[in-house]
Amino acid sequence: MFEEPEWAEAAPVAAGLGPVISRPPPAASSQNKGSKRRQLLATLRALEAASLSQHPPSLCISDSEEEEEERKKKCPKKASFASASAEVGKKGKKKCQKQGPPCSDSEEEVERKKKCHKQALVGSDSAEDEKRKRKCQKHAPINSAQHLDNVDQTGPKAWKGSTTNDPPKQSPGSTSPKPPHTLSRKQWRNRQKNKRRCKNKFQPPQVPDQAPAEAPTEKTEVSPVPRTDSHEARAGALRARMAQRLDGARFRYLNEQLYSGPSSAAQRLFQEDPEAFLLYHRGFQSQVKKWPLQPVDRIARDLRQRPASLVVADFGCGDCRLASSIRNPVHCFDLASLDPRVTVCDMAQVPLEDESVDVAVFCLSLMGTNIRDFLEEANRVLKPGGLLKVAEVSSRFEDVRTFLRAVTKLGFKIVSKDLTNSHFFLFDFQKTGPPLVGPKAQLSGLQLQPCLYKRR
């Protein structure tokens, strides 16, 4: 045997770098060639055994129970704080899957790796690097063939391989999987509301007269909505609405004719078209019905406090409501007849004798341009001291005093007046005698404003 100090010192380095390729020195002679080869082989085997005992390869890592316990102590479990739904789905997974990817190396680890790299170039790796390699080998999904190649490499190649095997750092702009977002109470209500809207959007509209149908069961079949009925109902509603608008337009036209012309022209209009008076009366009643107090009811209340023997003449009676409300005998006059008790005539010329009635009533009937003729006719049929009651829309009076002075010139005096109502004024006059002025005298106070209705 011969001493070989150089081989003994270089053995650890060769063990760290990889498999040693033996190159024996050239033999001095052909005779000693076989013996020297055997000696070299024995030396190499001894060196290999020594290197394997000092630096066990990372490939021969056995998942023994002791290593598992050490790994569990060093790498504690990381609790996952996902939502309840995510926790239920992840209960069956392994504990190693619960752990996140290995954290990125810090600056200290990078420096330590550089030092280890230098030590690997010099001769050997530290024990801490071996442990770190074992952990990375267990966690990283690397094939066995690639792992064997990377373990044997040292130097710059080994450093590049370790950097490529490390998990990449997550950039701040990159999106990471997040646990499912839980909805707030307001968002949940909005979502339910949108669902109901989408559900009702495709349901057919129900007819208002019909009750909501019961929900169909699995056995019963859903009958299609009859389109003809809904179409006819809509058409009928449209016709009724158009007819109502047409009636309103005709009422406004008739009302304008009554206030802008004499009573004789209005009488001819209703004689030619009897239905026009019915239409006008229906529109008039719909307007007066909205008032808090109707003037005919107020006049009837006053007359009920007087003797029932007094004879009453109702100029412009309409539907004879005053005659139906009191016990007194009543003469009803109007341009058209809505009741058998009505006498159709021009109110400027009623078929009564002179001084034959005790009370004359004009309830919203001073219409037309010849109001003076109406009041002179009332003076003719009233007894001396008879009562004249006038109720008219308050908006028609520009000046109440001028109206009262004009009426007194026609043979009356004012007894009482009520201007408190917001819709109409009520006056009581008493006959004092015949008119004080001639028929050609002009009385400007009797020119009232026409009561015109606006389009609604």
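Any Cβ shown, glycine's included, is placed from N, Cα and C.
Residue annotated by Swiss-Prot as phosphoserine (from the set SER62, SER126, SER144, SER260): SER62. Scan Swiss-Prot for phosphoserine across SER58, SER64, SER230 and the hit is SER64. From SER30, SER104, SER184, the position flagged in Swiss-Prot as phosphoserine is SER104.
Residue pairs drawn from HIS281, GLY316, ASP334, ASP346, MET347, CYS363, the listed S-adenosyl-L-methionine binders, are separated by up to 17 Å at the Cα level.
Under the DSSP three-state reduction, MET347 (S-adenosyl-L-methionine binding site) is assigned to coil, being neither helix nor strand.
For ASP334 (S-adenosyl-L-methionine binding site), the Cβ neighbour count at a 10 Å cut-off comes to 24, with all displayed protein chains included.
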